[in-house]
């Protein structure tokens, strides 16, 4: 009997549905493969094809990153990211901090915060709709539950919470080379040891002291591999000693009080942001919560992290040892310059330009070891590997004090070089509501300050008689003298190359 022919087109088509795995299951698969289990057995166990397993292993880094950073709910099956990535990261960071502080968060509060972050980040077209909020909660696995009654009465130490929960969140997101801290400090840039006890603890000195004060802003990264250019804030935009200069080794700003202001801070942050953008880097900069440190909108490469006001200065890395090291080195140089004047029977003068050059020199000399130790003492423990640096630099000031005493510099009895360097640590450095008595006033000529300066000096410490800028031929002659001196010493290749660079630069200039 003939068999009836069957038309294949009439048969029902069975399509096997592709199995979707959650991120959690993909993590289990990755662990199984790396433990040595056969891929065929793993594929059979999870009901997937071998090429699907290969695809999971190919995207292993993305899966692990999403799982470890809690950017997605582990039960989710796809790693579809959001359009407003920076907004979502900021919102999730805020949510995690609220959780740490036992602050109950609900939908309306999250919507309000999302709109607030959108405005600060420059997303003017963003509106937090119910649909967007639902998708956001789904992406991150957020479920709002009523807070247990007993939890509301538990006392929380904000400082402990910040160290245990908030700081590690940042350190997990950023490599130590991209974690920065900045800090202001006041400096009486011409203060020699004479009569220094009269100035200890002053917050806004008067008269000549006020005139001779500047604010420094120092900043480094966490692993000590990078120091931000010093920001120096003086009183005059173009002091006498800067006349004719087109460049300085530091960033320089000026205002009446020589303080950090919100405008100066924002301008500086935007300048740094451009530099980090050019390097294609993302960094976090920790700053104190001051009116002079506003939130700066639309930064592309910098995330500003503000220390809670409840934290003490011990959490500020720059305060632990970096500023101390810089000031000790600076005081060393200042006294040495004075000693040189005494030995040469010359009147000692020290201008703001001298201070800027000296600060740049000393800033370069602050070691990575000192920086790393300062961060560790401030509680910054790297989540990406422990530091192997145990000892910071040690400044030896005993010989310097002895030399200074021998040359006639009066060190008050018991005053160490460290104490001398720290005498201006309490100077105000940021804009605030000033007390009328602390505003700088004019000092009479009869006031004694212990400064070795003459009455002919300008406010910036430079001599009243203007000296002409050297010509190109004079610069070449000076360089020849410098080369002869250096080549009589044991000079390395780096200095030889630097001399060649200097000569090429001078020769490239048009004659004046």
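Heads up, the Cβ atoms here are built off N, Cα and C, so glycines get one too.
Mean pLDDT for the domain 'HTH psq-type' (12-63) in this predicted model: 78. Look at Swiss-Prot and you will find 12-63 tagged as domain 'HTH psq-type', backed by sequence analysis.
The DNA-binding region annotation in Swiss-Prot covers 39-59 (among others) and is backed by similarity to another entry.
According to Swiss-Prot, the feature domain 'HTH CENPB-type' maps to 75-146, an assignment based on sequence analysis.
Marked as DNA-binding region by Swiss-Prot on the basis of similarity to another entry: 108-139 (among others).
Swiss-Prot lists 174-375 with the feature domain 'DDE-1'.
Here Swiss-Prot flags 434-472 as region 'Disordered'.
For the DNA-binding region (39-59), the residues of the chain that approach it from at least six positions outside its boundaries are 19, 21, 25-26, 29-30, 32-33, judged by C-beta separation under 8 angstroms. Secondary structure by DSSP for the DNA-binding region (108-139): 23 helix, 0 strand, 9 coil. Counting residues per DSSP class in helix, strand and coil order gives 33 helix, 0 strand, 19 coil for the domain 'HTH psq-type' (12-63).
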